[in-house]
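Record features (TrEMBL):
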type	residues	note
DOMAIN	150-220	domain 'PAS'
DOMAIN	224-276	domain 'PAC'
DOMAIN	277-349	domain 'PAS'
DOMAIN	363-418	domain 'PAC'
COILED	409-436	coiled coil
DOMAIN	443-656	domain 'Histidine kinase'
Amino acid sequence: MQSRNENLGEIESSDPSYEVKALEFITELFDTYAWEWKKDEKEIKLPSKLIERLGLNEETVSYEDFLSAIDPEYRSEFVNGLENAKKGIPFSMDELLFLSPKKTRLYFKAGIKPGPSKTETSLIFLLQDITSFRSDQEKGKKIEDSLHQSELTFRGAFENNGIGMALVSDQGKWLKVNRKLCEIFGYTEEELFTKTFQDLTHPDDLAKDLDSVQRMLRGEIDSYKMEKRYFRKNGDLICANLSVSLVRDQFGKFLYFVSQIEDITQKKKAEESLLSINYEIRQILESATHVSIIRTDPNGLIQLFSKGAENLFGYKAEEVVGRHTTEILHDLEDTDKRSKELSLSLGREIKGFNTYSEIARRNTYESRVWRYRRKDGSLFPMHLVLTAVRGQNAEITGFLGIGTDVSGSVEYQEKLEETKRQLEVLTEQLSRKNAQLLNYAHITSHNLRAPTSNLISLVELIEESQSEEEILSLVSKFKTSVNYLQETLNSLVEVLRIQEGNNRKIETVRFRTIVEKILKILEGQILETHADVRLDFSALEEWQYDKIYMESILLNLISNSIKYRSPDRTPKIHIKSQILNGQAYLIVEDNGLGIDLKKYQNKLFGLHKTFHRHPDAKGVGLFLTKSQIESLNGKIYVESELDKGTRMIIELYKPKIFSHTGTD
């Protein structure tokens, strides 16, 4: 392109006819347009191909129209050069932008020189079309920018992913690992680089893993997933979901494996706990061979039919479960009689399944003797205790009926007493298991509310943000809360195990570490409310405690201080440790709304008890907090004054019945 411009500048000026022919030749041969213009003329006659290229309608255009076709950013430089050319000074531009009537952007290299006339009344214009070259440059730049952005995106996703990620060689060596993977295995990045994945894999899982690796290298599969076990640096065994894919270069040559490792150890333990509880419940049901246990939905459709029910009624479970209501088991005459009694007593018609469930629905349970019909048609009396089963929201999800055959006039009273004893034992066993599950549900829903509220606050702040820098900062905090949400879910599955009371993990917990983690979780709410949070653990920095309980206790108390802040002043929260007369205390105090202790002193730590009309108040947090503290032989006290603030005092007792792990 450079040599072409130089040749165009070497037009002989001694022969005007030669000059004109040269211009025509140049226009035909190159993507270059040349023409002569008289300085005193008001119009410019352009080459026909340039007219076509610019999308103009006429060959002759006015001087003003010609200039107006030039992009404003380039126009002044071109006009100045034109004025210099009129004075005999040649002019050139490496880039000149024209805008066609259709707004097409056309780029040219431009040159102007004095014409061949000795009177110097004319100028020679040269335009070389470089639009395609410029377009190629822009495309290349876009591709380069896109690749760079993709690299940054991958790097960010890799480093900040909530699951472990690694690039692995075909020999199993770790080439690149993220922070989460180091956290999962307990190794530093440098330590992992000296290991292979084979070193960390449980021997029983290694063969299957290596076989899948070889199949990928042979091209038989593109990726694989498996559940496998690994060893942490401290020797602990963990369970993980492994996903592996293979990356090749443009020539098909192997580059590395991309491995994603999700720690599911806590999830597996929770599943085992749930299976254990379900197994115990099933054993209770199966062992009661002479006690009928039937569970229904709210409309009476049978959902569970125990072994004892099969023995008493002569039906197999598969014959009635999901097919019939309990009306198939009751004597119609007995049912009709009871229906009339209830209708008269309650002042409205009671019929169908409501005949059996109405009292239990109102009073939680009902105990009475009913006449039942076996599959063979024979009748027998059975003492039934029918209980309403309620879910987390206190809504009835079904009914549980437990009954025993009380046939025989002589044996009636003895069987009645035996029935009562069995019913009490069964009810206590089932209630205990149900209470464990319900308490777990309360803890789960309550502990997830704080990070969820924080995420909502961050989203609202992002929507109100004016600068990209502020948005990026809030997105980083958003990721922190999302990671905690996942961590919270993993931690809460341990509650089922903790409910048994014998397997709590007592370890050294550092108060500042716990609180700083909680402050990150609540960062969105802290920013939104401008809360001033101060820490002072100079009196006592650490304590032997259950870490999960300590996090839950402090999260509840700190989030309450923010939630029940005063609208008239900036929230101030002070968290500190204290030793008084040899006794250790942990204190959380604020300047919030306060609590009327004269009115609510006896209800303060009750379940579902609330003291402010806050939309998120559920009456669960303080109940759980007190239960957790007392389970570790501690106590909690409250000092509060309306519109002044609240002071929560935790009296710490070091449990001696548990083993200490000594970890931070």
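Note: Cβ is positioned from N, Cα and C throughout, glycine not excepted.
All TrEMBL annotations are machine predictions without curation.
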For the domain 'PAC' (363-418), what's the mean pLDDT in this predicted model?
81
Residue counts (helix, strand, coil, in that order) that DSSP gives for the domain 'PAS' (277-349):
40 helix, 12 strand, 21 coil
Please count the residues of the domain 'PAC' (363-418) that DSSP assigns to helix (H, G, I), strand (E, B) and coil.
8 helix, 31 strand, 17 coil
